[in-house]
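Marked as [4Fe-4S] cluster 1 binding site by Swiss-Prot on the basis of sequence analysis: Cys15, Cys51, Cys85. According to Swiss-Prot, the [4Fe-4S] cluster 2 binding site annotation covers Cys157, Cys161, Cys164, on the basis of sequence analysis. Marked as domain 'MTTase N-terminal' by Swiss-Prot on the basis of sequence analysis: 6-122. According to Swiss-Prot, the feature domain 'Radical SAM core' maps to 143-380, an assignment based on sequence analysis. For 383-447, the entry in Swiss-Prot reads domain 'TRAM'.
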Amino acid sequence: MTTSERRYHITTFGCQMNKADSERMAGILEDIGYQWSDDPNEADLVLYNTCTIRDNAEQKVYSYLGRQAKRKHEKPDLTLIVAGCVAQQEGEKLLRRVPELDLVMGPQHANRLQDLLQEVLAGNQVVATEPIHIVEDITKPRRESTVTAWVNVIYGCNERCTYCVVPNVRGVEQSRTPQAIRAEMVELGQQGYKEITLLGQNIDAYGRDLPGVTESGRHQHTLTDLLYYVNDVPGIERIRFATSHPRYFTERLIVACKELPKVCEHFHIPFQSGDNDLLKAMKRGYTHERYRQIIDKIREYMPDASISADAIVGFPGETEAQFENTLKLVEDIGFDQLNTAAYSPRPGTPAALWDNQLSEEVKSDRLQRLNHLVAIKAAERSQRYLGRIEEVLVEDVNPKDLTQVMGRTRGNRLTFFTGDINQLKGQLVEVKITDVRAFSLTGEPVKILSTSLS
């Protein structure tokens, strides 16, 4: 069977970085002749791009792998691949656990898939987890959307948060050059994409590893400089970035977001805990007072800006009073969106070895209480939209109501309204908001806007 007759399927777990990696690997496979299959059980190559941030995601991978391993006994020419963070963490141990695997590859090796696959097709079992310099990918990704796209700007993370496995599995920070990032965005603009999200595990660290400093001693290349550099890319209407770290978030960045017309008024800045002792134990490098100052400064420049974040409950040793400090921070700030999780011990992290682990019952109770408050505060934040006219970029049809389309406001609020997706996809539409929920809006279209800011 030639590659042009072979079908592939990729299942992606985890964060936006993983989704972007999967799109690049799909592009590589299609570049060498593979065809996409919606059904993994009909595919000749099955790739799981994995996440190890939470134990439940990791266990789900092993469940899926078990099914495909059985299938390989019936279909010996099936190529079975595990990529991503579980692959990096487990390495050769994965082959011992699932001997049917053909390739185990860490996230730094995503761009090398074609070369690694050649080794597999030559009859080898391959493990690629050694640290490498990430080279520019010349293969076009197979992107899920035709309207919005992710662009990686920095890989890896140099932080050492005591709960987080990311630095172990994604390696040290490696920034792409501004020229390479802009070139990719220019091509996306030419292809009709309207919105770009610049991605990094710690995007505020962008450029620290690139050569050059200014006369004042500042790094010559920063996220702020990058935003100014790419703001005028033709065809691109909106620019977002994620994920920010409070330790490196600057007022200069806020000013840039206010000044640059294409940069959306939405900030994703994880706080993880509202208690200073826990933040210190996590090695986050800031206090809750510093975090509040950042949010206050954003709202000073952009009062209507949307704020989203991440938070962990049940970190080892967390007392009820410390958890209530997190609740107080959420109450005081009022987030538009908050991604919450119960602490999950991860192999190779300091916190996993501590003897003051909390019970699953306590963690579950606190997670429910936090989520309840998050929904209340988000619903309160949504009220400000009622009756307003919002700019919405139409992305797709509403899968629950095919008479509606859906898109996002500049503040990243999911919005639904009646319309024909064939006419509106990729268009900026002014929508009058007639109904609000905690995390979504509904409205009526007012008019289609020009889709060229350049």
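Glycine too: its Cβ is placed from the backbone N, Cα and C atoms.
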Between the binding-site residues Cys15, Cys51, Cys85, Cys157, Cys164, where is the Cβ count within 10 Å the lowest?
-> Cys15
Cys15 ([4Fe-4S] cluster 1 binding site) versus Cys164 ([4Fe-4S] cluster 2 binding site) - Cα distance in angstrom | 14
Sort out the sequence-distant neighbours of Cys161 ([4Fe-4S] cluster 2 binding site) for me: same chain, 6+ apart, CB within less than 8 Å of its CB, listed by position.
-> Gln272, Met282, Lys283, Arg284
Residues near the [4Fe-4S] cluster 1 site, Cys15, Cys51, Cys85 excluded, by Cβ within 8 Å of the Cβ center?
-> Phe13, Gly14, Met17, Asn18, Thr50, Thr52, Ile53, Ala57, Gly84, Val166, Val169
Given the [4Fe-4S] cluster 2 site Cys157, Cys161, Cys164, its other Cβ neighbours within 8 Å of the Cβ centroid, in chain order, are Glu159, Arg160, Tyr163, Val165, Val166, Pro167, Gln201, Asn202
Could you tell me which three-state DSSP class Cys157 ([4Fe-4S] cluster 2 binding site) falls into?
-> coil
Between the Cα atoms of Cys85 ([4Fe-4S] cluster 1 binding site) and Cys157 ([4Fe-4S] cluster 2 binding site), find the distance and write it as a whole number of Å.
-> 13
Measuring Cα to Cα, how many angstrom lie between Cys51 ([4Fe-4S] cluster 1 binding site) and Cys157 ([4Fe-4S] cluster 2 binding site)?
-> 15
List the Cα distance (Å, whole number) between Cys15 ([4Fe-4S] cluster 1 binding site) and Cys157 ([4Fe-4S] cluster 2 binding site).
-> 14
